[in-house]
Structures are given as structure tokens and as C-alpha cells.
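Asks: Here it is, the structure, as C-alpha cells.
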């Protein structure tokens with residue numbers, strides 16, 4: 001919501017504040033604590049009180065900012081040519097002088113500060129309402145003036161002394177109240193002024209309840225992970241101009257790009273539409289979206305389908321597993337690089353004074369930041385120069401290529417997906433689309449070309465950049481790896497990150513991409529890495545119980561499992577598509593994908609096989625993450641498990657596994673066996689053992705052997721131990737142990753145990769049994 005944004009933002013310097021203006025949630029309760037300290041240390045010298053306040057940086061900043069803002073505000077709402085303005089100026093001059101000479105507590109009563117604090121809150125609340133009520137405002141200023149003059153000073157002064165010091169009017173009129181003719185109301189259209197008013201009110205009134213913001217759980221998770229990641233071991237980030245250039249490659253076929261109006265409104269067989277479903281699971285985000293639309297001029301909620309249809313389609317698409325969500329997430333790299341390039345070239349004075357401002361043209365678009373100087377700097381030509389420099393640097397360091405092999409066919413048959421992809425290219429300058437173009441030659445002949453296109457902002461149309469003739473048709477092997485192979489020639493830079501269609505990214509994580517790319521320069525053992533593993537966050541885990549079970553199982557694999565596989569086992573492969581490849585290394589060694597039909601169903605892991613066989617090095621890094629969407633329905637989960645198991649069955653037949661089996665050392669071979677073939681083999685053996693145990697017990701019960709053993713006092717104790725059912729429970733707990741350990745590391749032990757017990761109450765064991773059976777059926 002707008003309120004949460006104001007609490008979390010780092011605002012520009014305004015109102016002549018002398019300290020860093022931290023986000024409001026960091027200044028929570030600090031001013032009130034400073035007031036209590038000043039009240040307790042009544043007779044203490046200034047140095048002691050100030051040392052107590054300065055012990056906490058946020059408390060010091062809160063006190064200084066509140067004082068500077070109050071001084072600026074009172075001078076702003078009082079006419080500058082009035083006598084009251086000179087009185088207020090004289091009062092602040094006396095306060096400043098006492099602070100400079102270190103005699104504030106000797107001149108003023110700190111016990112009166114709570115009264116002044118309450119009157120200031122009343123004054124600011126009146127201004128925040130935006131109503132031009134002169135009488136109430138005059139009364140509030142009059143009350144604040146009386147406390148400041150009569151109760152704040154330790155030495156009582158009569159009217160003559162106050163006049164001499166400039167703290168009272170020289171010729172007061174009994175018919176006219178003080179401040180009555182000196183009020184000037186700020187313009188109601190001045191949004192920046194009222195923004196500062198709201199911030200000052202928050203600092204003056206904030207208490208511990210601000211710790212509960214933001215309300216959105218996803219926002220809390222992202223902030224928590226980003227904050228924790230800053231304390232992890234990561235390489236030093238170079239300047240943008242000196243960083244490694246990289247590209248992102250996404251294979252796309254015919255999935256949804258942007259939800260259409262009909263798709264959002266049409267219900268399924270249960271009468272549930274996509275929009276209603278998204279409104280239900282993203283209820284707080286939907287309220288924030290409607291609040292934003294009303295602020296932009298929407299009068300009624302029903303106008304969302306007419307006046308704000310484009311924003312509505314974007315909002316829904318960014319919360320489904322669509323191409324537009326993936327594009328927005330990956331284009332955060334471009335926005336982050338432009339921001340970082342700006343910070344590299346700007347001086348500290350420019351950043352502090354706000355002479356160059358970062359303005360986002362659209363919150364949900366990928367246009368990026370407009371970098372320009374403020375009008376006060378008087379350097380418009382320099383602004384365009386710096387903007388072009390930052391813009392060009394980001395374009396040199398980042399390119400996003402979508403491998404959409406049927407885009408040419410979609411354009412030919414006027415498919416709406418083609419127009420939506422063109423819309424994405426138009427709104428994302430660093431986006432390129434690679435597709436396969438079929439050109440007829442003669443009556444029966446065809447020629448195939450790999451084509452790269454982009455949208456030219458000056459020509460306002462799609463333009464072709466490259467056209468490479470292919471030796472034959474494309475569709476000879478598996479679709480996804482072939483889609484990647486024909487487009488990899490259009491990527492640029494030293495590294496390439498492979499991203500699937502169901503993934504997302506976050507702006508704060510994109511800021512750390514420079515650090516991640518520096519890993520290519522560090523030795524891990526005797527070699528530099530050729531694949532940088534990155535952790536995934538399953539963002540579909542909250543949709544349903546099944547999705548939660550699937551995401552919990554997947555999270556333990558893509559975090560704790562990958563971490564252990566990389567170090568100390570040194571047997572991690574390419575298990576996920578957020579991984580970053582050494583582009584030059586892989587292009588000269590067969591590419592990142594193998595496209596042989598059938599045997600390369602799980603095309604990801606073959607890149608790891610190829611890397612290991614050719615002497616590469618694969619690492620895993622936890623300080624950066626990428627979002628990942630998983631299937632949330634039982635049928636889709638079953639199909640996914642079957643695909644993984646079938647792919648592993650095909651891996652057993654491949655020459656890659658054969659060669660690895662001959663060349664790996666003994667310990668790495670054990671790890672490799674368990675993480676590939678052995679996992680599915682063990683799963684199969686466990687399932688078959690359980691079946692054999694149950695059928696054996698049934699046979700013993702029906703044959704009377706079990707009853708005879710029970711009646712015989714000299715029964716075989718060993719057989720009785722074997723027939724004990726507790727080992728089935730032990731197997732289930734052992735398989736759930738990695739998930740418990742991972743949740744303990746991420747959320748704490750008690751939270752991990754609670755989540756495990758909750759899963760058992762929701763019959764998670766039944767789901768995992770079904771998952772294992774799906775694997776067994778696929779393997780057999």
C-alpha cells in the first residue's frame with residue numbers, strides 16, 4: 001500500500017535536514033525513547049544526554065530530522081514578512097545557540113518536551129487533513145507558543161524581556177490573536193509537502209507496532225533474505241563498466257504471454273475465473289492495486305474493465321506463470337545496472353543533494369529509471385549526457401534473449417501471442433527475440449533461418465538484427481534444448497544465465513549479480529568455476545496444501561541438497577535453470593543443451609555431465625536467489641514426477657553416465673550414484689519392500705503361522721523384530737529429515753517442527769507416498 005511504501009522508502013533530502021533520512025520503519029519509537037531519556041536526565045549536562053542519544057545512530061537521526069523538519073515547517077506555514085515569523089525565528093535561534101554552547105539543559109526544561117511533543121502532533125494532524133481551518137490552526141499554534149514561552153524556559157521572563165529578545169509582538173492587539181493574520185496554507189496539490197508532513201507525523205508518533213510491517217508475507221520474506229544475504233561471503237562488486245557482461249536466455253514455445261480480458265473473466269467448470277482466483281490468493285495485493293488505480297483517477301471499481309484494462313491484465317499476468325512475469329523479473333537486471341551505473345558516476349554531493357534523481361516511469365513496466373538532473377542544477381545538457389552514459393553502459397553489459405522458435409509462424413497466422421511478444425519488446429529495450437523462420441524455395445524446398453529481432457524505438461517497429469541460415473530443419477530432437485541451441489549464438493558477454501518460462505526475479509537480487517559474476521575469477525580447488533549454481537525460491541508454495549508439500553520438498557533439494565552436493569561432495573550438476581554458465585567455455589564444448597530425442601528428456605543435467613567430463617568445476621552460492629513456479633495440481637505434480645523419473649531412466653542408458661562411471665573416484669561415485677540413479681533405485685526398493693512386507697504379513701496372518709508364533713512362548717525373537725511395523729515410520733521420518741533440517745536453518749527449529757507436524761495433520765505422508773508411487777510407475 002501507499003502507507004507501507006512511505007514507511008519503507010529512503011526519501012530524497014528535503015526541508016534542510018542535516019542527517020541521513022532513514023526509512024521510517026528504522027526510526028520506530030526512537031524519538032519517544034529520546035524524549036524519555038531527556039526527561040529522566042533532567043539535571044544532566046548536555047554532553048551526557050547527547051552521548052546517550054548518539055549511542056544509537058537511528059535515534060540520533062530521528063531527533064535531528066524531527067527538529068529540522070519542525071523548524072522548516074513552522075517557517076513554511078507562517079508568512080515570511082510577518083512579525084510572528086520573526087518570533088519563531090528568534091525562538092529557534094535561541095535554541096540553536098544554547099545547543100552550540102552546551103547549555104540547553106540549563107536554559108530549557110526538558111520536562112516540558114512531552115507537552116511540546118503532544119502539541120506538535122496536534123498541529124501536524126491538522127495540516128495533514130488538508131482542510132484550511134484557520135481557527136483550529138491558530139489555536140494549535142497559540143497553544144504551542146504559550147508552552148514554549150511560559151513553560152519551556154527555566155528563567156521566567158516578563159513581557160518586556162520577551163519583547164527585547166524578539167520572542168513577543170512589539171505592539172500586540174487585543175482584538176487580533178497572535179498568528180491569526182500570519183497563516184499561509186500550503187497548496188493542496190503540493191504532494192511532496194504533504195508527503196513530508198506524513199513522514200514527520202510517523203516519526204513523532206511511531207511505536208513498536210511498526211515492527212509488524214509490511215503486512216504482505218512475501219515482502220517480509222524478500223526483505224529478510226536480502227538483509228541476511230548481505231552478511232554472507234560474497235566477492236566485492238566492481239563498477240558496472242568493469243563487470244563481466246552477461247546474457248539471459250529463456251526458451252519459449254506457446255505458453256501464455258499476457259492474460260486477455262476473456263481469460264480473466266471466463267470461469268472454469270467450477271465457475272471460478274482466473275481473476276477471482278488471483279484476487280482470493282493475493283487479497284492484500286489486490287487491495288493495494290485498487291488503491292493505486294483510484295489514486296490514478298479511477299472513479300468506480302467497475303471502471304477497471306474499461307479505463308484500467310491494461311493495468312489489470314498486467315497485474316494478473318505478473319501473478320501467474322506467464323512470459324510477461326518472467327520478462328519483468330529478468331529486466332530487473334537492466335534496471336539494476338542502470339541504477340548502479342548512475343551511482344558509480346555520481347559524486348556523494350550529487351547523491352545527497354538530490355541533483356540527480358531516480359524516477360521510475362511506471363512501477364510495473366520495464367522502462368527502467370529515468371536519470372536526470374533536477375531543474376535547480378541548471379544542467380539539462382549534462383543530464384542527457386549522464387543519462388545516455390548510464391543507459392549505454394547497461395545495454396553493453398546485459399542482453400535478454402527469448403528463444404521463441406515459432407514466433408515467425410505466430411506472426412504469419414495473426415496469433416495474439418505474437419502481438420503480446422511485440423508489446424514486451426516495445427516496453428523492454430534490452431529484450432531480443434530469436435525465432436526460426438521457414439522460407440519456401442521452389443515448389444517443395446524449404447530453407448530454415450535463425451533470426452534475431454528487436455523493437456526500434458525511433459522507427460517504432462520491429463527490426464531484424466541477424467539472420468543465420470541453418471543446415472536443415474530444427475525439429476530433430478527435443479524441443480526445449482533445440483530452442484536454446486539455435487538462440488545461444490545471439491547471446492553476448494562472458495556469462496549466460498538460463499531461465500525457464502516459470503521463473504521470476506527480484507530487483508534487490510539483481511543488484512547482487514555483479515558479485516555473483518566475480519565468482520568466475522575465484523579458484524575453487526584447482527580450477528575456476530564454469531557453472532555457478534544459484535538457489536531457487538518456490539513462490540507457489542502458499543497456493544494450496546499440495547503446492548506447499550511440493551515446494552517444501554523442492555526447497556530442501558534446491559538449497560540444502562545443492563549446497564552439500566557442491567561442497568564437500570563436489571558432484572553437483574546443472575539441476576536448475578537459474579544457474580549461470582561460463583559462456584565461452586560452453587560454446588566451445590558443445591553448448592549448454594543436448595537435444596537428442598527421447599534420451600535427453602532431462603536436458604538440464606546433461607550440461608552438468610558434459611561440464612564434469614570435460615574438466616569443468618560447478619559451485620553453488622546461497623547469497624542470491626531466483627523465483628521458481630511449480631505445478632500446484634495433483635495431475636500436474638504427477639506428470640512432473642513421472643517426467644523426472646523417466647528422464648533418469650534414460651540417463652542410465654546414456655554414454656555420459658557410462659563415461660562418468662569409468663572416470664569418477666570412489667567417493668564421488670557414491671555421491672553421484674545416490675543423487676542420480678541411486679535415488680530412484682532406492683525409492684523403488686523401498687516401495688517394493690513395503691509391498692513385500694504387507695503381503696508377507698497378510699500371508700502369515702491367513703496361514704496361521706503368526707498365531708502359532710504368538711502362542712508359542714519360545715517364539716523366534718528375531719522374526720518378531722523383523723515383523724515390527726515401526727521401521728516403516730522410521731523410513732518416513734528419515735526421508736523427511738532434509739526438509740526439517742532446511743526449515744531449521746531458514747526459519748528456526750521450533751518453526752520447522754511445527755511445520756512438519758502441520759504437514760502430517762494435512763496428510764502430507766499420503767502425498768509423498770503418491771509421489772513415490774508415481775516415480776515407481778515411471779521407472780518400471
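For all residues, glycine too, the Cβ spot is worked out from N, Cα and C.
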Asks: Match it up for me: which of 643-671, 672-700 does TrEMBL list as transmembrane segment?
Replies: 672-700
Asks: Of the residue ranges 301-328, 329-356, 357-384, 385-412, which one carries the region 'Disordered' annotation in TrEMBL?
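Replies: Range annotated as region 'Disordered' by TrEMBL: 357-384.
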Asks: What average pLDDT does the predicted model assign to the domain 'Glycosyl transferase 48' (213-774)?
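Replies: Averaging the confidence scores along the domain 'Glycosyl transferase 48' (213-774) gives 83.
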